[in-house]
Amino acid sequence: MQRVNLSTVSEFVFVGLSDAPEIRLLLFVLFLLIYLATMAGNITLLIAISTDSHLHSPMYFLLGNLSLLDLLCPTITVPKMLGALLLEDKKISFSGCLFQHFSLIAVVGTEIFLLTVMAYDRYLAVCHPLRYPSIMSSKLCAQLAVGTWATGLLNSLLHTSLVFTISFCGPNEIQQYYCDIPPVLALSCSSTHSRELVTLVVAGVLGSSACVVTVVSYIYIFLEILARKSSGVWHKAFSTCGSHLAVVCLFYGTTICTYVRPSFTYSPHRDRVVSMLYGILTPLLNPIIYSLRNKEVKCALKRVISQVRRAL
């Protein structure tokens, strides 16, 4: 019986978005501009929330956490992608891939739970406006925010330990521009069925639970609006919840398409497009959505911009 020597993989290689130099340069400029716009938008929103006393409330504290996550999400993946496009540096070490995977899953998981907390906050604000200040106190708001970050980190620790404790001894080319679960599992030279099942069950349970809480919160909000039968209530509720609902639909739609499905349905080309939607475009659109749909945020941003102009 012939023995086959298997060497452990010490680094991975990302598949580039394009091999044509002119296309790579165009993509580099495009994604660099998107990344810079994302940084500028979310940093400006964070400054507005932290410096404007009108935005010192639970709703905007949670929005500040969302902006921080939207800063971290593209920062984890985009710089490496830009390096691959400009310098053709497509390699990443095993430990670097592990860290990137852990960080990204932690941020994505935290954002899912944070959006759920924000939905609960909107439910309290619309359905229990008189009791809202006493229920959603600063202490409870801080505890909920810390809980979302802790849950996201623990969830990521579980997924990362499941993925990176398997054997990698053959191909090392990742069919993606970052270290994601499906393309990394596809490189394993050992059975991954049980790990895929655990990953799918955990992601399904946590994701569906968060989704149920969000949907139920909005059902109660909708029923409360119907019960009041006032056009002014409709306008106020839409201005309060419209931005969050748009962000929820955008984020859940892309992440569910990427993660909550069996690995045999994995398609490298399609998944690269979908992952760009939630990993690059969603962090760019979130501050824009909140700025356009929320008068208080709009006014705060105008004050920040005017202060910057005066300083310059």
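Positions of Cβ are set from backbone N, Cα and C atoms, glycine also.
What TrEMBL records for 41-290 is domain 'G-protein coupled receptors family 1 profile'. What TrEMBL lists as transmembrane segment is 25-48, 60-78, 98-120, 140-158, 197-221, 233-253, 273-292.
The list of residues near the transmembrane segment (98-120) in space but at least 6 beyond its ends in sequence, with Cβ under 8 angstroms from a Cβ of it, reads 59, 62-63, 65-66, 69, 72-73, 76-77, 80, 92, 144-145, 147-149, 151-153, 155-157, 159-160, 163-164, 178-181, 184, 206-207, 210, 213-214, 217-218, 244, 247-248, 251-252, 255, 278-279. For the transmembrane segment (60-78), the residues of the chain that approach it from at least six positions outside its boundaries are 31, 35, 38-39, 42-43, 45-46, 49-50, 100, 103-104, 107-108, 110-111, 114-115, 117-118, 121, 138, 141-142, 144-145, 148-149, 177-178, 247, 279-280, 282-283, 286-287, 290, 296-297, judged by C-beta separation under 8 angstroms.
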